[in-house]
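Visitor: Quick paste of what Swiss-Prot says about this protein:
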BINDING   SER57, THR58, ARG59, THR60, GLN84, ARG108, HIS135, PRO136, THR137, GLN138, CYS274, LEU275, ARG321  carbamoyl phosphate binding site
BINDING   ASN168, ASP232, SER236, MET237  L-ornithine binding site
Amino acid sequence: MAFNLKNRHLLSLVNHTEREIKFLLDLSRDLKRAKYAGTEQQRLKGKNIALIFEKTSTRTRCAFEVAAYDQGAHVTYIDPTSSQIGHKESMKDTARVLGRMYDAIEYRGFKQSVVNELAEYAGVPVFNGLTDEFHPTQMLADVLTMIENCEKPLSQISYVYIGDARNNVGNSLLLIGAKLGMDVRICAPKALLPEDSLVEMCQKFAAESGARITVTDDIDTAVKGVDFVHTDVWVSMGEPLETWGERIDMLMPYQVTPELMKRTGNPKVKFMHCLPAFHNSETKIGKQVAEKYPALANGIEVTEDVFESPANVAFEQAENRMHTIKAVMVASLA
């Protein structure tokens with residue numbers, strides 16, 4: 001079957017079929033191999049891409065910029081301090097301006113409704129670099145990383161996301177696993193599980209793909225036999241430190257420790273994290289948390305000994321952001 005993803009948005013993966021997602025993963029693999037072999041061909045020469053960042057980023061910005069440069073495209077980085085977006089100009093008007101100058105627009109920010117509005121009015125492909133609800137480029141990188149680190153067929157790979165499951169990573173891992181027919185498990189305190197509406201939508205996708213979905217607060221049920229353990233930060237950096245106490249108390253049993261990794265019963269289990277991770281007290285935030293909560297001096301959502309172990313494939317994930325983002329741009333713009 002021939003695929004035509006030309007001029008397609010990437011907003012959440014909700015509207016991408018299983019075969020379209022697999023096509024992007026295959027293209028990511030091919031582009032990665034070409035880069036490693038020195039045989040990459042530039043297919044985006046003459047293309048201009050706007051990168052709108054209302055939230056700061058290291059991996060997403062670098063991945064988009066390097067992917068674009070590798071393919072011969074040019075990018076313009078737009079941050080909140082250097083634009084009129086939201087201050088003197090609406091996103092609707094911004095979309096109609098940038099759509100006349102650029103071949104595509106990336107957006108990283110807050111509400112999903114904003115990137116949807118951008119896509120509605122820009123007239124060019126729009127790529128979601130992260131919103132509060134979804135993180136689709138991260139999911140493509142995550143699945144590529146799991147494929148590379150597991151000999152099983154995709155449909156037999158099992159993974160758990162453990163921690164605060166109401167965020168964009170928890171939502172998106174549930175979604176892509178359901179789309180691709182995987183064994184996906186979401187584990188969190190009951191108050192921090194995904195919204196019922198999202199779970200119901202993903203169960204419908206799972207019925208079509210053959211995916212197995214588990215959403216639970218029971219750790220042993222969730223981690224048993226999994227190939228990969230995912231987590232993410234427990235709190236957003238915009239939240240005051242004083243408000244972390246209740247969240248930390250709730251999530252402490254869900255911290256990824258060597259003991260939790262052993263509870264999987266899989267000696268080959270791998271650890272995954274979208275990064276940045278608070279795995280020690282060397283960062284400013286990590287130090288502040290450790291001073292207030294000494295039990296977290298060795299890491300918040302994951303401990304230092306897990307993060308620095310051979311089980312950690314988070315840096316492969318980070319690299320794969322670039323290869324998968326490149327695939328999204330090539331599929332849409334080449």
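Every residue gets a Cβ built from N, Cα and C, even glycine.
Owing to the predicted nature of the structure, the values given are computational and were not obtained by experimental measurement.
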Visitor: Measuring CA to CA, name the entry from the binding-site residues ASN168, ASP232, SER236 that ends up nearest HIS135 (carbamoyl phosphate binding site).
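Guide: Ranked by Cα distance from HIS135 (carbamoyl phosphate binding site), first place goes to ASN168.
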Visitor: Between ASP232 (L-ornithine binding site) and SER57 (carbamoyl phosphate binding site), how many Å separate their Cα atoms?
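Guide: Cα to Cα, ASP232 (L-ornithine binding site) and SER57 (carbamoyl phosphate binding site) are separated by 15 Å.
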Visitor: Fill in the CA-CA distance, CYS274 (carbamoyl phosphate binding site) to ASN168 (L-ornithine binding site), as an integer in Å.
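Guide: Cα of CYS274 (carbamoyl phosphate binding site) to Cα of ASN168 (L-ornithine binding site) measures 11 Å after rounding.
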Visitor: How many other Cβ atoms sit within 10 Å of the Cβ of ARG321 (carbamoyl phosphate binding site)?
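Guide: ARG321 (carbamoyl phosphate binding site) is surrounded by 26 other Cβ atoms within 10 Å.
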Visitor: Taking only the binding-site residues SER57, THR137, ARG321, which one has a CA atom nearest to the CA atom of SER236 (L-ornithine binding site)?
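Guide: Checking each of SER57, THR137, ARG321 against SER236 (L-ornithine binding site), the shortest Cα distance is to SER57.
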Visitor: Which of these binding-site residues has the least crowded Cβ, counting other Cβ atoms within 10 Å: ASN168, SER236?
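Guide: Selected from the binding-site residues ASN168, SER236 on minimum Cβ neighbours within 10 Å: SER236.
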Visitor: Cβ atoms within 10 Å, counted per site: which of SER57, THR137 has the most, among these binding-site residues?
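Guide: Per the Cβ count, the most surrounded site is THR137.
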Visitor: Here's one to test understanding: among the binding-site residues SER57, ARG59, THR137, ARG321, whose C-alpha is closest in space to the C-alpha of ASN168 (L-ornithine binding site)?
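Guide: Considering only the listed binding-site residues, the nearest one is THR137.
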Visitor: I'd like the Cβ neighbour count for ASP232 (L-ornithine binding site), meaning other Cβ atoms within 10 Å of its Cβ, all protein chains included.
Guide: 24
Visitor: Counting other CB atoms within 10 A of each CB, which of the binding-site residues ARG59, HIS135 comes out lowest?
Guide: ARG59
Visitor: Measure the Cβ-based neighbour count of CYS274 (carbamoyl phosphate binding site), defined as the other Cβ atoms within 10 Å of its Cβ.
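Guide: Counting Cβ neighbours of CYS274 (carbamoyl phosphate binding site) within 10 Å gives 26.
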